[in-house]
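The transmembrane segment annotation in TrEMBL covers 21-39, 90-108, 120-138, 144-161, 170-199, 211-231, 259-278, 305-324, 331-353, 359-381. The annotation domain 'Glycosyltransferase RgtA/B/C/D-like' is assigned in TrEMBL to 69-229.
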Amino acid sequence: MSIARETRAHSAGIGQNTAGQWWQMLALLAVFVVLWTVYPVMTRLNLDPYGDMLENFAWGIGWQWGYFKHPPFFAWTTAAWFEVFPRADWAYYLLSAVNAALAVFLSWRIALRFLDPWRSLLAAALFFFLPPTTFLATKFNANSALLPLWPLIVLFYLRFLENRKLSDALILGVAAAIGMLTKYFTAVLLLPIVLHILFDREARSLLRTPTTWIAAAIFLVALVPHFGWLVEMDFLPITYAASQGDGHVLDGVTSGIRFLGALILYALPMVLILYIAFLRNRVGGKRFVDRSGLQLFRDTVAGRALAWTTFGSIIVTLIIGIVLGTRLSSVWGLPMFFAVPIFLLAAIPGGALEARRDVIPVIVAIFCSALIAATPFVLYLGVSEEKHYSHVPVEAAADALEVAWSRHTNAPLMYVAGDKVLSSGASFYGKSKPYSFIDNSFAKTPWIKPEDIARHGMAIACLADQAVCEQSLESFPVEFSETETVSVLDATGKEWTVKLHFALPENG
C-alpha cells in the first residue's frame, strides 16, 4: 500500500470534522487570544524585565538579513506587526497571543490526523495549561516565535508524506527556511525529518520523487541572502551561539538533565487535567493509560513521522548539548510541545473521556476566570518585587527624551544609544521611532553609519548611576554639546533619574 493510500485509510473518519467543530475551535482560539492579551496587560509594569521585546522591535525596523544574536525573522515579524498596530504594550501582547494561538491551531490540524474530532479539540484545549504556550509565550522573542513554525513544518511534512503534492513541498521548504531564519535551533527539528526519510522504509521513497528535491532547493535558496549576510558579518550569530557554554561534557550533561526535567514539569499540568477528567468520567474497567492507543505511532508512516519529530528533536538537543558542552536553556523547549497533547490523548482508552464531555471545557472556563480574578494579586506581587528593568518607567523615559530633544532642535530624533533598554524603548515608544544602537557599536548595528549621526545627530540615554553613559560618549565620532537630566516616575511613584547627552544635527 502506498504512503498516501495507507494514510488515507488510517485517517478515514478521524480527520472529518464538521462546520460546528470549526466554530468550536475558533471560539476556543478567541478565548485564548483574549485571555493571554488581557492577563499580561493587567499584571505587568513593563513588557518584560529584560527589555528583549523592545530589542526585537529596535532590531526589526533596521530590516537586516540578520542580527548579532539571531537570524532576522522574529524581528521582522515584530516590525511588520507594528506597521499595522499602534506601538503600545497591549498590541505587543496581542502579537504574542496570536502567535501562540496559531501554534494551537496548527497543532489541532495535526491532531485531526490521529484523533477523532472531539479529542482533537481536547488536544487544543490542553494548551491552556501548558506554560510554553501561555505564561512563557507572552514574551515574544526568538524562542516563542518558533511556536507556530514547528507545527507548520511538521504539518506540511505529514501532508507531503500523504500526497506528494508540489504545493506541499514548496510550503514545507519555505516553512523550514523561515524556521531557520527565526532561530538556528530549528535544525534540531529538521534533522529528525531527514533521519525519518532516510531510515523509515516507507518514507524513504520520498528520495525518488523530484518534489522532495524541489523542497530542499527552495529551503536552501531562501537561506542564501542570510548566508551572505553571515559571511559579511563574520558569522556574528554563530559566534554568539557558540558562547552559550564552556565546552565541557559535564556541563552539557547536567544542563541536559535540567532541560529534560523542565520539559517534564511543563507537561505535568496537562497530565493532571486529563487525570481529573478521567476520574470525573468514572468509566469502570478502564485504565488511565492504554498503550495500545499508541500503536498507530508505530504502525503508520505518518505516526512514525510525528514520533520522530516530537521526540527526535528532544534527543538531538540533548546530544548536541552533551557533545558541545552547551548550557541548555529550558525556554529553548518552548516549541517542542506541538504534539504532546496528541500522544497523551492517544494513550487514554477510547470512551474514558467521552461519558462527560463537559469536564475539560469547564476546567478551562474555571482556569480562565480564576486567572483574570487573580490579576490584582499578581500585579501586587510584581510591584513588590523589583527585578532587572521590571519597574523602570521606560515609556515615560522615552517621552521625556523626545521632549528634551525638541528643546534643542526641530529635527526629528533619528538615533539613540546608551542603556540597551532605554535606547530600545526610545525606538518603540518614541514618536520619532529612532534607530537604537546595539551595544553602542557600529559593527553590531551596520544599518547606522558614522556619517548618519554626523548629519542627523543622536542622543545617549542612561540611568543616572550607569557608567555606560560616559563610556558611550567615546564610541561615537560626534560632539555631545548638550546634557540634560530628567526625572520620571514609575507606577509606584518612585522617581528615576535619566541622564541625556545630545549631539545635535549639523544643520541645528
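Just so you know, glycine gets a Cβ as well, placed from its N, Cα and C.
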Tally Cβ pairs under 8 Å between the transmembrane segment (259-278) and each listed stretch (211-231, 305-324, 331-353, 359-381), then give the stretch with the top tally.
331-353
Positions on the same chain near the transmembrane segment (305-324), where near means CB under 8 A and six or more residues out:
110, 114, 150, 154, 157-158, 161, 185, 188-189, 191-193, 195-196, 200, 203, 245, 247, 249, 252-253, 255-256, 259-260, 263, 297-298, 332-333, 336, 338-340, 342-343
Restricting to the same chain and to residues at least six past its boundaries, which positions have a Cβ under 8 Å from a Cβ of the transmembrane segment (21-39)?
90, 93-94, 96-98, 100-101, 104-105, 108, 117, 121, 124-125, 127-128, 134, 137-138, 364, 368, 371-372, 375
Taken over the domain 'Glycosyltransferase RgtA/B/C/D-like' (69-229), the predicted model's pLDDT averages 98
